């Protein structure tokens, strides 16, 4: 606009020398693409440190990685059912120890709600199936029975309260067929506490087939 | 959380806990505090699996739970704690150097399991140690307990927050989640346990069992049924204390490199004396008088008081200012400037990176700008004695990678470029953060490459494992040399070569990860100390 345009020739408003190159000099080409994914390096990296200590830490790291895979905390992805059961699969199963967390330290909603096949009066036995079963969803009935024999009655302090409420719930609802958040001993409490919540607990949630996130208030199971 | 950190968290969780836990963990790191159902809905995993994953994450102190208003329990992930998983081998090695094999196994079990009761961990470690001992010897529980108590006394392990003991007559329904509390004085209190027993071998035959006195047998076989004496008191590894130890180690070795062995011993003594009195986040230690230092020097060092005073004066006068003099009483009061020391270490890392990436002339310019704080383009060329064109090129290269930044000082309010000073400067905290980000990205790249290499050769690895298993079982049943040879030849020579290469590469990548983690530790400590000062 205003100002001396230098008779049609561009004039810089600052001392061009200060930037570092003079007028008319050939500048490097403008780069119009992102930098390369594996750029060349002018200088090779420095070699790694070696020594007894470093070797030991390396061995520790690799062992730790292997050990972690065998711990019960490593949650395996459930495999899809294969059409033909492979013979070798039976012999390659890694036996993992079970792990029961200390439920007193965890929020109650994290406890697994297992479906109970037996109705009301056998609530005590069913409670053991409920709580003392491990987190792994084993469909192996034999294993479950073994565990029940071993565990006996878990000496958890709040079990007594829950048993009473559980028997109440059980007689209310009869048979259940779901695996996930089944109507359970604590739902009674939960409903009382969570009424003002945005998250509506469904009374009846079906198993994996239905999708665990259907939050509609469906009616109780009808058969 | 930056993208690089999230990616690294994801890789670490996947390697250690599997895909499901990884999905939940990364989701929490990304989105912050969330309740259970929202997590299940957003990640598209079944509620059961989300619960499982959360239990595992909480057990390992990676996720905490909080009860919000209206009884909703929210879960929050601790990203920095997830990144610590990279450093587990270093913690275990440190425990080994300080407390030998027993300490090493104790810390390893605590890290592998997140939190454990003292009786459980002592028993497990005793069993493991017994396995490695010769036949017939067993490890006594008492010895393992002693090491555990020593670890607790020096604060390397600490108690986890406990469920507050409430009375049963509390009105109303119990809260949906316990609020865990711990008081400062209880944190290192070891419960009075009388752990009697010896470690047991896994493959204990009947001879072993009958050899033990009858009274002890019930303890081993049926301690599921017996009430555990320290039920509910869980212990975890105190990572901050390990970090303090690493930091002290780094400072001592820096002094040793810069000066000599004796001065590093003096600094080590000073740090040891301040271990208990100074908190880990203080900018400098408590003042120590020269007389105290003289008394606390290790027994082997026979230096006279005057020599010690000379060394201390030298250390205090050093431009790096690791040690400062804070007074004259008691023969001179000296402090260690922890913040300055960490700053020096971080700066040294930066300088070293510039040197290795851009060359020594760039490093010269970088050190120059560090020293002079602010320099113009012309001044850089003059002071560094490098021709203008090259100096300009190097400065711009470093500028584009954010090691150096520009400071504008306008002469006029309109910020006209012709009337503004442009000064080059190094902003150390910002450059440190940039380098830290690059380190995270490096480690993520290393882990990915290692996983890629392993996946490429998966078939070959499985084959070699099968062959090894066959050989082992054949050896156990007593096979001839010729048969073993035949089995070994199942793996051809080129395949063996491939396996060798694979092993070498994986080892190299693992070693790289460990060493990048050392740099990460330095930079993180420095950044943390700058934050705390504000």
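Positions of Cβ are set from backbone N, Cα and C atoms, glycine also.
Of the given residue ranges B:104-123, B:124-143, B:144-163, B:164-183, TrEMBL assigns the label region 'Disordered' to B:164-183.
In terms of DSSP secondary structure, the domain 'DNA-directed RNA polymerase III subunit RPC3 winged-helix' (B:350-426) contains 46 helix, 14 strand, 17 coil.
Sorting each residue of the domain 'RNA polymerase III subunit RPC82-related helix-turn-helix' (B:7-63) by its DSSP state yields 45 helix, 3 strand, 9 coil.
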